[in-house]
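I have placed the structure first, in the form of C-alpha cells, so that the comments after it can refer back to it.
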C-alpha cells in the first residue's frame with residue numbers, strides 16, 4: 001500500500017472503509033460450522049512499513065461479535081496487541097494455540113477456543129520483527145530500538161486503516177522474548193505518541209527480561225523442581241558452569257547482551273538430567289514444561305503438541321488466500337534468518353526500562369510454574385532487583401492473594417503500586433496453551449475486573465456469548481453425599497492393637513529425638529560437596545557473612561548419629577545442598593542486554609524462546 005494511498009485515506013473516510021473491506025477474512029476451513037452469533041469478525045493481511053527495504057508486517061485482527069455482554073459491563077473499548085517471542089517466532093502461535101478465538105482440529109478446520117481473550121477485548125496479532133511468520137523484508141532488524149521503531153510505524157499505519165481503534169485502551173501482551181519487545185515498544189509509543197494512543201498496561205508471560213539475573217536461576221530452580229539430581233555425576237560440571245556465568249557477570253569488561261557462559265548453564269542442566277535408561281523420545285526433560293519429555297538434544301523443540309497441525313493449516317493455499325497474503329510464503333513457527341540477524345549489541349536490557357514505565361502504567365508479570373527456560377523463580381529474582389517505585393526495590397509492602405477461577409485455586413497474585421506478579425499453577429512456558437480459560441483471567445486481573453475476598457481474588461467465568469459470573473467455591477454436594485455412602489463401616493480394634501500402636505509411637509518419638517539431637521548443631525551448605533578438598537566455592541546462593549561460612553565448616557566426614565539419620569543418608573539427603581528460597585543474595589554486577597538464548601541454525605531447526 002503506497003504512502004499516497006494512505007494519505008488519501010486519511011482525508012476520505014469512505015476510502016478507509018473500503019480499504020478495510022480488502023482485509024476481511026471471509027472464510028476459513030470449518031468457519032461455517034461456528035454459529036454466526038459467536039463467530040469472530042476478522043481482518044488480516046500485510047501493512048507496508050518500509051517501502052525502500054520491501055518491509056511489510058503481517059497482522060491478524062479479531063473482534064468479538066457486537067452486543068457482547070462482557071464488552072458492555074466488565075470491559076469496554078479495549079484492544080490487546082499480542083506478540084510472541086523468539087526472536088523470530090510467529091505470533092500465529094498466540095492466535096491459533098493460545099489467546100485467539102480459534103483452534104485447529106485434526107481435520108485442519110477451525111473451531112472455537114473456549115478460553116478466547118476476545119471475550120474480554122479485541123485482539124491483534126502481529127508477526128514481527130520483519131521476516132517473522134508471514135511478514136517479509138529485504139533488510140532484517142538487528143537491534144531492539146530498530147524493532148521498536150518499525151512497530152511504531154506499523155501502529156501508525158494500522159490506525160490509519162482502522163481509525164476506530166484509536167479510541168480504545170491499548171494493552172501490549174506477550175510471552176518469552178516479548179519480555180524484551182514489549183517494554184521497548186511501550187517506550188517508543190510514549191515518546192512518539194502523536195496519535196494520543198491510550199496505552200494502559202503491559203502483560204508479560206514467562207518473560208526474558210534480564211538474561212544475567214535469570215540465568216542464575218537455572219540451577220536452584222532445577223534442583224527444587226526435582227528433575228536435576230544433586231547426586232548426579234554431572235553435577236560438578238553444572239556447578240562449575242554456574243560459577244563461570246557468575247564470573248562473566250561480575251566482569252566489568254564483559255558487555256555481552258547475553259553471556260555465552262550463562263547460556264551454557266542451561267545446556268549443562270539438560271545434559272545432566274538426561275535419562276538414557278528411558279526410550280529415546282523420553283530421555284530429555286522438556287525445557288518449556290518439565291512435566292513432559294522429548295528426544296535429546298531436542299528437549300522440547302517438538303513441543304507444543306498442536307504445532308504440527310497449526311503448521312499444516314497455515315500452509316494451506318486456501319488459508320493463505322483467506323488471510324489476504326500478497327504472495328504465498330511457507331510459514332515456520334520460528335524464522336532462522338530473523339534470529340541470526342537479531343543480535344542486539346547497542347541496546348540496554350528491557351529490565352532497565354521498567355522503572356520509568358511503572359511510573360506511567362500497570363505492568364503484570366505472569367509465569368507458568370512448570371516452565372524451565374523462563375521459570376517463575378527467575379521472574380521473582382528479577383522483581384527482587386527491580387525498582388518498583390523511586391527508591392524501592394522489590395516487593396516491600398505487597399499483599400499476596402490466592403487466585404480463584406471457577407471455584408479452584410489456580411495461582412497466586414502479588415501486587416504493589418503498578419506492578420503485579422502472577423504465578424500460574426500447573427502451566428508451562430505458554431500459559432494460555434495449557435489453561436486457555438484460566439489465562440483469560442490475567443487480563444481481568446490487570447484491568448481489576450475481579451472480586452476480592454479476605455485472602456483471595458476471584459476472576460469471572462465467561463460463556464461463549466460473553467456472559468459472566470464469579471464462582472468462589474465449587475459446590476459438590478451430591479458427589480460428597482455419594483462418597484459418604486460408599487465409605488466402609490468403621491472397624492473397632494481390640495485392646496492389643498491399641499497397646500501395640502502406643503509402643504510404635506514411643507519408638508518413633510525416640511527416633512525423632514535422636515534425629516533432632518544429631519542435627520541440632522549441623523550447618524547449612526550452599527553447595528554440594530564436590531570433593532574432600534577444603535575449597536570454598538566462589539559462586540554461592542547464600543552470602544558468606546549471613547551463614548558464617550569458613551573453609552572448614554561442613555566439609556568434615558559426617559557420621560550418622562542415629563538410625564533415622566542413617567536412613568536420610570542412604571536416601572541422599574544427609575549433609576547435602578539446602579535449597580535457597582529466593583535469589584536476593586546472588587551477587588550481581590551491572591550488566592548489558594540480551595538476545596535470544598538459543599541459536600536457530602536454519603528454518604528447519606526452530607529452537608529458542610517463544
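Glycine is treated like the rest: Cβ placed from N, Cα and C.
Residue ranges 495-515, 516-536, 537-557 are listed, and Swiss-Prot annotates 495-515 among them as transmembrane segment. Range with Swiss-Prot annotation region 'Disordered', chosen from 469-491, 561-583, 584-606, is 469-491.
For residue 371 (active site), the number of other Cβ atoms no farther than 10 Å from its own Cβ, over all displayed protein chains, is 28.
Within the model, the topological domain 'Lumenal' (19-494) carries an average pLDDT of 93. Residue 196 (N-linked glycosylation site) and residue 176 (active site) have their C-alpha atoms 28 Å apart, to the nearest angstrom.
Only 429, of the recorded positions 192, 418, 429, have a C-alpha within 10 angstroms of the C-alpha of residue 371 (active site). Between the CA atoms of residue 429 (active site) and residue 176 (active site) there is a gap of 8 Å. Cα distances from residue 426 (N-linked glycosylation site) to the recorded positions 176, 192, 418 are smallest for 176.
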